[in-house]
């Protein structure tokens, strides 16, 4: 059975790159009818936090990336790492190294000055000397000195690294915790991981991990190293490109299906398809279709996709998402029926839930027009026309059709073009120059509030 895993370190939030790796691993497992494992690599005691663990779990849940096993935690498996390290020591495949940090720093400096690649020199590999007193050793792996570590990467193709290029990596730190390369190997082995899908910043780790797996007599999983994500400027994606946490996008009003769709297209494609569901992604997903070149992160494309998903979203769902924002702004909200109408009017005009909240503000409170709009639309000539319209609006039943007829009649009787009246009317009531159909807007704002705003704004007109 195919088994994939996502194994983040809880030292921050679930970011865009990590989310894409998780998505590809999840999609491949689902496509193959396999299992997807979540593993938390929390052995960096100084940087790992429970807050980060929760942020990862929240991000996965929001994106709908459900896992079949886990979350497993490395710190709960310490005895296993220690057990296997002891086994390798007994088999002569690992050794204790007592070199101090100062010694190793001095060695690296000598190598640097000599123009050599910094690497451990194996000074304790076959040493017979007495260990120094009071020094807790690390455990190092005896990397083979001959031959090659070879693997057929499912994205990059065949990769071969000469073993003499690799130094004897540390397996266990002096504090009894495993290093990344040792922990990940044992975890993948014990959990039966068949396919390791991860960022290509791990390519250099793979030959080391393969050598450890061979020493343990294990079956080597298949590897797929996904190219990194770049900013529009070609530099590695960072916060300055907008590469914030997944939950930041949620809080900014993006829908999870938009982010999933966008992440899937970052370095993977299915023909010319731009928009597809999570179910279609699973149906179409193929590691061979992952591009070998880095993908460029484009916030505008993500926003475009989000706009699409907002347009087709159920009004009830959008109301559920926008209501907490509106209540947080202390707005008094109308009943469900009118809220649905407001959302339906606006959802094709906005790109995020946050924008939906912003765009709906004038339905819940009077918004003062900008001075430039007053200057443009509040004219001496239009004032008597508006006074006439206000008197007529005060007498009608407050329905959209009736409002429309009164505006139309006023335009006709004063020999105006529709925008000549609709624009100042719109600005007076909403404070905006662009809104949905003005009759629909006025109906939802309500008769009393509309008339109040119109009369209030008349005072701002030149006499």
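Just so you know, glycine gets a Cβ as well, placed from its N, Cα and C.
Marked as motif ''HIGH' region' by Swiss-Prot on the basis of sequence analysis: 8-18. Positions annotated as motif ''KMSKS' region' by Swiss-Prot, on the basis of sequence analysis: 236-240. Taken from Swiss-Prot, the feature ATP binding site applies to 239.
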Distant-in-sequence neighbours of the motif ''KMSKS' region' (236-240), which means Cβ under 8 A and at least six residues beyond its ends: 16-17, 228-230, 297
Residue counts (helix, strand, coil, in that order) that DSSP gives for the motif ''KMSKS' region' (236-240): 2 helix, 1 strand, 2 coil
Within the predicted model, mean pLDDT of the motif ''KMSKS' region' (236-240): 78
Helix, strand and coil counts within the motif ''HIGH' region' (8-18) (DSSP): 3 helix, 1 strand, 7 coil
